[in-house]
Amino acid sequence: MAEAYQSYIVSNMPSQSSCEHTGRLVLLRHGQTVWSESGQHTGRTNIPLTDKGCEQAKDAGMRILHAFPDGFDEDCVYASPLRRAIQTAQLAGFKNCQPLPAAMEWDYGGAEGRTRKDVANLSGSEAWDVWSDGPTVLPSSMLFDGEETLPSGESVHIVRTSGESLECVYERTGEIIDTVLPKLNAGNDVLLVAHAHILRILTMKWLGIAPTMARMLRLDTAHYCVLGVYKGDRVIVRWNC
């Protein structure tokens, strides 16, 4: 994998002539959900924001507007197609966001809808860690679908596939960069509304760093980050704002 990271760095560095006018990539995590508070792994399950999450999204929109008073062109606003991301984008004031399937959250497989303690009990492994082990090592006995009733009374269906490796998620974020890069290179700022893990892993892809390092970055609900180019290098401009 190390050679792949190095290859990505070499082949994806911006040219010196384009650096001065490269736009910024703004990453916004969705607002609070019931599962973000309970610690349940929330990948592809299509749960909504809580009331607090809705207020967080509105507040995030105001902070982003203050930081980017010129706003974003309509064709430069993207969101994961999952409900919590679309809700956040719309409540933040970006009603015409384009769904970007590559920005969906990590598929947690057997860990979906379960806390780390739940996973340890069901798998028999107290040491399991999503970053170092990933969902694909979990036993097939954990791969059964389920239903959960949220405090609002809404029932959500939980699908548990075999999951997605960290390396696969890392490669998938390359599709996001390929989508937004022409607009960034044209000098446009781009906004992407998505999820904590996918955005942190995307940041590692942007920097050309191993995806396991993403665990070192904290990204709170309804907080944004800015990626950009400085003196020819891809950089983090702001984080968890």
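We count from 1, first residue shown onward.
Note that Cβ sites are derived from N, Cα and C of the backbone, with glycine treated the same way.
Copied over from TrEMBL, here are the features:
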BINDING   THR42, GLY43, ARG84  substrate binding site
SITE      HIS195  site 'Transition state stabilizer'
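A distance of 9 Å separates the Cα atom of HIS195 (site 'Transition state stabilizer') from that of ARG84 (substrate binding site). In the structure shown, across all protein chains, ARG84 is the one of the recorded positions ARG84, HIS195 with the greatest number of other Cβ atoms within 10 Å. Shown in sequence order, THR33, TRP35, SER36, HIS41, ARG44, THR45, ASN46, ILE47, LEU82, GLU105, HIS195 are the same-chain residues outside THR42, GLY43, ARG84 whose Cβ sits within 8 Å of the Cβ centre of the substrate site. According to DSSP, ARG84 (substrate binding site) sits within a helical segment. Sequence-distant contacts (6 or more apart, same chain, Cβ under 8 Å) of GLY43 (substrate binding site) comprise MET104, GLU105, TRP106, ASP107, TYR108, ALA111, GLU112. If you take the C-beta of THR42 (substrate binding site) and look for same-chain residues 6 or more apart in sequence within under 8 angstroms, you find THR33, TRP35, SER36, GLU105, TYR108, GLU112, GLY113, HIS195.
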